[in-house]
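Here's the structure, in structure tokens; my notes come after.
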Amino acid sequence: MGLEEFKDRNIGVQNYITVQDDNYPKTNGEVFKQIVKRSLKGELFTGLKITFNMMREALFKGKMHTVQYPAEKLSIGPRYRAVHKLLALLESGENRCIGCGLCEKICISNCIKMDTKIDENSRKEVLEYTINMGRCIFCGYCAEVCPELAIVHGGRYENASEQRAHFALKEDLLTPLDKLHLQKEYEGFGAVSPDADEKIQKTPLQY
Amino acid sequence: METSIIIETIIKAIVVLAVFSALAGFTTYIERKVLAYMQRRLGPSNVGPYGLLQLVADGIKLFTKEDFIPQNAARPVFMIAPIITAATAFIAMSAVPFFPEFELFGYVVRPIIADINVGVLFVLGVASVGLYGPLLAGMSSANKWSLLGGARTAIQLLSYEVVSGLALLAPLMLVGSLSLIDINNYQAGGFTSWLVWSQPLAFILFVIAGFAETNRTPFDLLEHEAEIVAGYATEYSGLRWGMFFIGEYANLFTVCFLVSLIFLGGFNDLWFIPGGLAIVLKVMFLIFFFLWTRASWPHIRPDQLMWLCWKILMPLAVINILITGFVMMF
């Protein structure tokens with residue numbers, strides 16, 4: 001296919017191929033001939049062969065499609081925007097948030113609320129930090145605007161709960177002290193997923 | 001003497017009823033597993049080891065469901081229809097010899113409830129009476145989908161019954177008897193004496209008719225859920241629906257036993273395999289074949305079924321009979 005055909009913007013039916021228009025059987029004899037041909041060609045057995053091979057591959061070659069969900073989970077990409085996390089400083093375990101209030105300001109659905117005060121060292125201290133998950137549209141502006149990489153989007157997508165207020169308080173979002181070594185640095189919005197190499201496939205134009 | 005025969009028959013009937021009811025349930029499990037593997041899924045796997053107790057869970061669900069009868073339904077007919085399906089499916093089994101004779105505690109057991117000399121005729125006749133179940137269910141449900149399912153039952157019955165009867169005629173001419181035990185003994189000469197080799201066309205025709213008789217996939221018009229919700233069974237729930245189900249699977253076993261007995265050598269010893277095991281293997285393969293086609297083939301329209309049966313299969317069956325007759329004559 002040449003480049004000119006791609007540049008041609010006159011899209012119409014001129015490139016359509018009418019399938020099976022001319023070889024439709026017309027007389028009863030031709031219908032009968034088609035039936036005989038199809039019966040003796042063993043097309044039905046081709047179908048049987050395909051399903052049998054599917055079963056063989058699924059059973060013996062480990063090509064089962066099923067992911068047994070609560071027991072095993074597919075990895076999600078780092079760009080995924082699920083429930084927020086508040087990251088902590090690795091050394092002290094203190095909250096990274098400096099209470100600048102940028103996320104509260106930029107939030108377009110007005111769901112972030114924070115309480116701050118100036119402590120005895122005249123630094124800003126964050127007392128309370130909540131995200132109203134019923135209002136959040138997961139746009140990601142808060143994570144984008146944060147100068148300290150303190151608020152990021154996490155991978156927690158199982159938000160079934162009795163109340164939507166759960167996960168939304170500071171204690172729920174902040175990395176707990178004992179889990180500090182498990183905290184992963186946020187790779188940023190442009191990051192590729194860890195298994196990106198395996199996911200690469202040919203684009204349709206290549207075949 | 002008389003009482004011993006009565007007791008023996010009752011015991012046999014109970015055993016057949018129990019075994020095939022259990023097998024019908026187990027076949028649903030096998031069917032779900034095989035279909036799942038063919039679509040690269042796992043199938044039932046959480047309840048019990050390998051999901052085996054899923055059967056029990058489904059059974060409990062069916063038993064405890066409300067037995068629902070629609071307001072405008074013809075009550076007595078609606079209530080009796082599933083019983084017809086289940087009962088005829090098991091009555092048909094009474095003339096089927098399942099295994100060769102064997103000795104139990106010094107007593108020779110013949111695993112057939114009633115050895116009548118018109119076995120094939122009886123089995124086929126009772127099995128087609130069984131289609132009154134879907135027909136009456138469809139007509140009595142006061143539901144359009146059910147009515148359509150009932151109508152499809154009628155055309156299916158009219159279509160395949162001719163083919164299965166005519167297809168069986170040619171092998172019966174060779175054997176000269178309608179008793180299934182005689183047909184089985186006719187093929188006692190080992191692998192090469194199977195009737196499928198001398199009557200391949202009759203075998204194919206009878207298997208096709210068997211698919212139609214058991215409402216399996218290429219011909220599952222009666223309850224095709226993509227077109228008519230659940231067909232004749234739309235208004236049924238709980239135990240009555242379960243009875244339709246058990247009847248259908250019992251029919252499947254009857255047809256598989258019939259095909260093995262008439263065409264595939266029955267329960268004669270095969271090489272080193274004893275006869276009892278041989279027929280089980282044959283029936284297992286046929287059941288697998290029925291499930292296999294369900295995973296592979298699309299189903300056809302009612303008019304295509306009639307067209308296929310009346311215009312293609314019936315002439316072929318008649319030609320087969322003619323050729324068999326001429327070969328036997330000269």
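Using N, Cα and C of the backbone, Cβ positions are placed for all residues, glycine too.
Some features that TrEMBL has for this protein:
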- B:6-30: transmembrane segment (TRANSMEM)
- B:77-96: transmembrane segment (TRANSMEM)
- B:116-137: transmembrane segment (TRANSMEM)
- B:158-181: transmembrane segment (TRANSMEM)
- B:193-212: transmembrane segment (TRANSMEM)
- B:249-267: transmembrane segment (TRANSMEM)
- B:273-293: transmembrane segment (TRANSMEM)
- B:305-329: transmembrane segment (TRANSMEM)
Segment proximity, the transmembrane segment (B:249-267) to the transmembrane segment (B:116-137), 3 or more C-beta pairs under 8 Å = yes
Request  = Tally Cβ pairs under 8 Å between the transmembrane segment (B:305-329) and each listed stretch (B:193-212, B:249-267, B:273-293), then give the stretch with the top tally.
outcome  = B:193-212
Inquiry  = Assess whether the transmembrane segment (B:77-96) lies in contact with the transmembrane segment (B:193-212), where contact requires at least three Cβ pairs under 8 Å among residues 6 or more apart in sequence.
reply    = no
Inquiry  = Using a Cβ cut-off under 8 Å, which residues of the same chain at least 6 positions beyond either end of the transmembrane segment (B:193-212) come close to it?
reply    = 156, 159-161, 163-164, 166-168, 170-171, 174-175, 183, 186-187, 218-219, 255, 258-259, 262-265, 290, 293, 305, 309, 313, 316-317, 320, 324
Ask   = Cβ under 8 Å to the transmembrane segment (B:273-293), counting only same-chain residues 6 or more beyond its ends: which ones?
value = 27, 30-31, 34-35, 38, 98-100, 102, 211, 214, 216-218, 252-253, 256-257, 259-261, 264-267
